[in-house]
Amino acid sequence: RLDQLHSVLSVPNNFDTPVRLLHLSFRDFLLDHHQEKSKFWIDEKYANQRLANRCLQIMQGSLEKNICKLPSEGTQRNEISNDSIQHYIPPELKYACQYWAHHLVQCTDLSGMMHNVYLFLQVHLLHWAEAMSLLGLASEISGILDRLQTAISGNDSSLISDFLHDAKRFFLKIRQIVDQAPLQIYCAGLIFAPRTGIVRRKFKRSLPTWICQLPQVEEGWSALIQTIEGHSGRVKSVAFSPDGRLLATGSSDKTVRLWDPATGALTQTLEGHFDSVQSVTFSPDGHLLATGSDDKIVRLWDPATGVPTQTLEGHLDSVESVAFSPDGRLLASGSGDQTVRLWDPATGALTQTLEGHSGWVDSVVFSPDGRLLASGSGDQTVRLWDPATGALTQILEGHSDWVRSMAFSPDGRLLASSSSDKTVRLWDLATGAPIQTLESHLDSVESVAFSPDGRLLASGSDDQTVRLWDPATGAPTQTLESHSGSVRSVSFSPDGRLLASGSGDKTVRLWDPATGAPTQTLEGHFDSVESVAFSPDGRLLASGSSDKTVRLWDPARGALTQTLEGHSDWVRSVAFSPDGRLLASGSDDKTVRLWDPATGALTQTLEGHSNWVRSMAFSPDGRLLASGSDDQIVRLWDPATGALTQSLAGHSGLVRSVAFSPDGRLLVSGSGDQTVRLWDPATGALTRTLKVEEITTLEFSHSGLYLHTNLGAFYMQSVRDIPTPHPPHATPDISIEHQQWITMNGKRVLWLPAESRPTCFKINGNVLALGHASGRISFVGFCM
């Protein structure tokens, strides 16, 4: 039918390639409303409505769960052949998945279409997202949902609007894994969605059937919108572009990354620095990105292309902070060489060097009118300069430790400064007087930022939290908890709707600062969980924490039953005796303590290690207790008497983990020296040394066939000649791979979002217990 239109259309010879216009004027001709009586005239809105309906029909008739018949829930998209994807998702279905919403928002009767759209999404939302993932279009999902929500905002459709809002939050939370492993939409997506979430409730029948006990999750959506991963080092700095369309991050991995904050997609990686990138900032017009690094260099980049435009050299030490003046004509840099330098970003010329600080300059920032430049330093002072002349105008004193970060209020009347003294101070710039001290953080406050309207002040700290304050009153309004490392940088988007935080945990997190919904803290420790252990009958779980306590839990209910206090420092390790009558705990106070878990009474304190005790394990017959320490020694104790029976020396690094084989004939120790050592516990003889990456956790499977580690499971028959005394256990062989994947019988089955990844874990039959940096404990039960 199109043969006569070759002069205006590109008509392919196959069904996979779209028909394209050769001349845009032909489109204008077809859509010209003055040609309504012509047989060629097309009513664009009506045509879009027909196409939208046809797209919905195609998807409803074709989409299903696991459309490509993947072998497992953890199958990666890069493991699936293009031929397979094209076979199960033919061109017409691919087009429908990608463009149905595009046609929908331009149709004649949008409100009349909403009922059909709602019915489609109620059944096929996850199927559609799975197909988009398989097609490599996962990054477009949230944008499509956004366009739909915007299009219907004028219609009386609150039901579908709420559904779309929840769906967008759902996919932003799991965006990273949706792009990598499509079937995790039904696993990680549903399992870790809030309990009252619309998508989770609607699709609960799609939850994996092999999960019998779901981990405890938040009741509803918190302020955390999404977690962005990609850096291989600590995230030191975050900054939004002036139009809010880009988020720049600088890291200790020496790279600068540019992200789309709407989707979390990585758009560019800028390489060129030779050391950690400490600071990133955009010019006011968004045409330049400045970065400062430990390599002593300031670099200027074109963020549109990622091309470096200039290299500014002159500092004699690391560049800790960079800032543009409001008119973009000056760039300030603060350095470990104790100076502030001013540059012309147009030419790269150094215009002034400001000297006066007697410590590292950690932060520089211009006032909104450009008439002041503030610098904060390790000398505990804030200095105010006239950038036009370089003259020092004021010194603000009051902090009792390094000044880490500063921010001017949007009206220029206030200056906020944060410090290693754990406080944020607010200063009246008219007088230089301190007007408030904000205290709540438990560690150094690394970064501060005002919201664009000046009604909120955000602070990020080494205590792993972001706190929001009312600068008018100094009152804290929210504490945002989710990071598992120091929060090094915070930044508001230009419209104030997003708050970005960069952390030592290598992630960037995006928050909604206006939700008023604090992250819900589930019952648990007050600090990171360092170790967990099940009692032999599985009725108790013990956890040790950096809050210096040991806690006992009922795994069936997830309820706290007892808190054991006595250690004077972090509790690094806990272990039950085989009969369950003793609980051992190892601590940074260099002791091992033995407790009666029935009563919580302390029965013995074992002293002998000269450094932190990181790991412990009872022998299967309960007659030996092994402990591994930072003193590089494995010690064997008689738990009945508390006597030290042997000291096993050989490691040249701290001993992170110890484990007995199920037959008791083997003791395995993993160390920071990147070895695993196999010992005969009867004689103390070293039988074998294995060179591996750094092992932090060790545990034998029930069968003794596998040694579970933080790196995955090792098959033990290949590394020892001792026969296995027990047949393989009937329950699934569960482990955790690289802290990100739960595996079952060696196959990846469940991805763990960043905020759900464990600091430690233990397996008891078909129940997996996870300890988290937040201090909470969660349980996942697997069906037999």
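Placed from the backbone N, Cα and C atoms, the Cβ positions cover glycine too.
A quick note: this is a predicted structure, and the numbers were derived from the prediction, not measured.
For the repeat 'WD' (228-269), the DSSP-based tally of helix, strand and coil residues reads 0 helix, 24 strand, 18 coil. Annotation comment: TrEMBL describes 228-269 (among others) as repeat 'WD'.
For the repeat 'WD' (270-311), the DSSP-based tally of helix, strand and coil residues reads 0 helix, 24 strand, 18 coil. If you look up TrEMBL, you'll see 270-311 (among others) marked as repeat 'WD'.
Secondary structure counts, DSSP: the repeat 'WD' (312-353) has 0 helix, 24 strand, 18 coil. Summarising the annotation, TrEMBL assigns repeat 'WD' to 312-353 (among others).
Per TrEMBL, repeat 'WD' is recorded for 354-395 (among others). Counting residues per DSSP class in helix, strand and coil order gives 0 helix, 24 strand, 18 coil for the repeat 'WD' (354-395).
Look at the repeat 'WD' (396-437): DSSP puts its residues at 0 helix, 25 strand, 17 coil. The repeat 'WD' annotation in TrEMBL covers 396-437 (among others).
The list of residues near the repeat 'WD' (438-479) in space but at least 6 beyond its ends in sequence, with Cβ under 8 angstroms from a Cβ of it, reads 223, 401-402, 404-411, 414, 416-426, 485-492, 494-496, 499, 501, 503, 511, 513, 516, 518-519, 773. What TrEMBL lists as repeat 'WD' is 438-479 (among others).
Taken from TrEMBL, the feature repeat 'WD' covers 480-521 (among others). According to DSSP, the repeat 'WD' (480-521) comprises 0 helix, 18 strand, 24 coil.
What TrEMBL records for 522-563 (among others) is repeat 'WD'. Sequence-distant contacts of the repeat 'WD' (522-563), counting only residues of its own chain at least 6 positions beyond either end whose CB sits under 8 Å from a CB of the stretch, comprise 216, 218, 484, 569-576, 578-580, 583, 585-587, 595, 597, 600, 615, 758-765, 767, 769-779.
Across the repeat 'WD' (564-605), the prediction's mean pLDDT works out to 96. Summarising the annotation, TrEMBL assigns repeat 'WD' to 564-605 (among others).
The residues of the repeat 'WD' (606-647), classed with DSSP into helix (H, G, I), strand (E, B) and coil, number 0 helix, 24 strand, 18 coil. The annotation repeat 'WD' is assigned in TrEMBL to 606-647 (among others).
Marked as repeat 'WD' by TrEMBL: 648-689 (among others). Listed by sequence, the residues of this chain that lie at least six past the ends of the repeat 'WD' (648-689) yet keep a Cβ under 8 A from its Cβ atoms are 611-612, 614-621, 624, 626-636, 695-700, 702-704, 707, 709, 716, 719-720, 722, 724-726.
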Under the DSSP assignment, what numbers of helix, strand and coil residues are found in the repeat 'WD' (648-689)? 0 helix, 24 strand, 18 coil
So what's near the repeat 'WD' (228-269) in sequence-distant terms, Cβ-Cβ under 8 Å and 6+ beyond its ends? 139-140, 142-143, 146, 172, 175-176, 275-282, 284-286, 289, 291, 293, 301, 303, 306, 485-486, 488-495, 498, 500-510, 754
Contacting positions for the repeat 'WD' (396-437) when only residues 6+ beyond its ends and CB under 8 Å are counted: 359-360, 362-369, 372, 374, 376-378, 380-384, 443-450, 452-454, 457, 459, 461, 469, 471, 474
Summarise the repeat 'WD' (564-605) by DSSP state, stating how many residues are helix, strand and coil. 0 helix, 24 strand, 18 coil
What are the DSSP helix, strand and coil residue counts for the repeat 'WD' (438-479)? 0 helix, 24 strand, 18 coil
Please list, for the repeat 'WD' (522-563), how many residues fall into helix, strand and coil according to DSSP. 0 helix, 23 strand, 19 coil
